[in-house]
Amino acid sequence: MSAHSSEVKVFVRTRPTACFAQDLIEYLPDKQTVNVRHRRESRKGVVNNQMSSWSFKLDGVMHNMSQEEVYQSVAHSVVLRALEGYNGTIMCFGQTGAGKTYTMTGATESYQQRGIIPRALQEVFYEVEQRVDHTFSVFLSFLEIYNETLVDLLASIKRGRAVQGGALTIVEDPGGGVSVKGLTLHPVHNEEEAFNLLFEGEMNRIIGEHALNKNSSRSHCIFTIHIESRSRTLSDEPYVTSKLNLVDLAGSERLSKTGSEGQVQREALYINRSLSFLEQAIIALTDLRREHVPFRQSKLTHSLKDSLGGNCNTVLVANIYGEAAQIEETLSTLRFATRMKCVRTQPSINEHIDPALQVRRLQKEIQLLKQELSLHDTLANRAVVPNESLSDRQVDEIKSQVQRYLAGTLDEITIVSIRQIQEMFTQFKKAVHSPPCKFEAFEDFKLGRGSEINRILKENKGVLLERMDQLHKLTQAINSCKRDIDHMSSELQLCREQRQSQGQFVGEKGEPVLEEAELILLVGLREKKDQYRQSYEELLSTKAEVRYCQHLVDQCRIRLLTEFESWYNESFLLPEEVQTIFSEGGPIRPGLIPVDKALNLVSQTLLAEGPSAVSFYNAHNRTVQRVRNTQ
């Protein structure tokens, strides 16, 4: 279904306080406008008493509102639209300790103080019971983004099913949305089961303590309700799906105010950086001149890609302090909220057609069309035309009709069915089409008619490569052996020179006595020379095998190319093109076409006359060829 453009709805909620700065923060009676005044602080001895003021126009100001009033203002319409097939996102943004988690989750120990998520779950299952004409399937997932790491807060519960499985990674869907691969989806059938999963996930969240909040969320969390709705009465009606993202963002922190150190300080750096990337993405979305939006800079912006300017009804709750000490952070939050309000989304119903239902619908439509055709033939007093696929005999008959029509022996072809028309055009195309690219035709030839010779060529190539590899190894071994022989000869010569200079020992018969080292070298040298001779003989034998294998490969390649050229000319070249080839690029003149090739050309043009005519001309062609060879 086509999408319509919609602005992001933005609300501001003030954390209750007994020290509300009435002289700095003003809420106008329209309940949409916030005026803020701020006096800049003195710095480096320079006194600056200048008072600046700002005015922010939002969709609603929630000051001293109950949890129920907040839900009705912010989430009620988004939840109902999700049940109709629209994606929805509600997120809380603001300074640490400003009440984001309280707004989104509430106080779990108090039913009256429950937040948006529990109330949304209750409304979903209430509506499921009321809408008896549809059947609903509800799944839940709970994702945490901690220090740029994706964590499944419900992974400890075994009955969920993972989206594709494996490590958690953000992937983009073909339709432009995003999903988290490996995140478990848990089916729920009532609100109690849903609450169990919510509280289980909340217990697994990472929290920390600093000066502004004793239970500060140290991560961003996305609780998602997945809904699928199908009609009970209309089996062929498309079914709809949607997902409702309920996002509790970690709060921005000024380390000078929170006094965070160690691990908490490291977490704060990650939180501030991801929120900075979120703000950069919002600025890019509001700039119509920019073509690229940096969603992939952080896991947070990437996972919220379709919530920020995509197929989604999006609502932002900006949580602020009402105290003078936090006025700078309040201004920063309101500026972000104003930018967010300029973002436009494209919500549309997520309709899907069940493939099995689509097949049955098409089959039924085909049957009705066949009945209509049969009725039309009956009213026109015409024999019923079969609508089934053509048989081989019918295809041959159409081919014969086309050939006779082109030859001028058939004046017209009677049309009786659409399938006949389609086959007729196919035969016309085969009769007059231009030859395909030789490269593509060669690939087809190797898979078809030339598959056997191509297989032999590949086998011969494999043997050739094996022998060449063996030849390479033998060459290396011979070179290594030759180096060893040269080295041992040098060592042996050195030993002989030393023995002669120092005087040598002789045996009883006067023969020289060799020292043990010299004897070992001499024996080793003989062994190396024997090894060298054996390897060299094997090298010569392998070279002969390589030459023979290369010869076989060349022969197979030549045969493959020759048969391809013959097949290509027979299959694709029209008579005029064949004549052009025979005339070697020049004009056709009597006497220039060889007799045997001319007879081949005649036989091709007489194919329609029957197999006997072709056999006749082939035999005559061979006779002419033999006569020419004897001259």
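Glycine too: its Cβ is placed from the backbone N, Cα and C atoms.
Here the structure is a predicted model, which means the values were calculated and not measured.
Per TrEMBL, the feature domain 'Kinesin motor' maps to 7-343.
If you take the C-beta of Lys100 (ATP binding site) and look for same-chain residues 6 or more apart in sequence within under 8 angstroms, you find Cys92, Phe93, Gly94, Ser217, Asp248, Leu249, Gly251, Val317, Asn319. Look at TrEMBL and you will find Gly94, Gln95, Thr96, Gly97, Ala98, Gly99, Lys100, Thr101 tagged as ATP binding site.
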Requested in this report: Across the whole of the domain 'Kinesin motor' (7-343), what does the mean pLDDT come to? Round it, please.
Outcome: 86
**Report entry** binding-site residues compared (Gly94, Gly97, Gly99) - highest count of Cβ atoms within 10 Å
**Finding:** Gly94
Query raised in the report: Counting across all protein chains shown, how many other Cβ atoms sit within 10 Å of the Cβ of Ala98 (ATP binding site)?
Result: 27
Report summary line: Here the 10 Å Cβ neighbour count for Gln95 (ATP binding site) comes out at 26
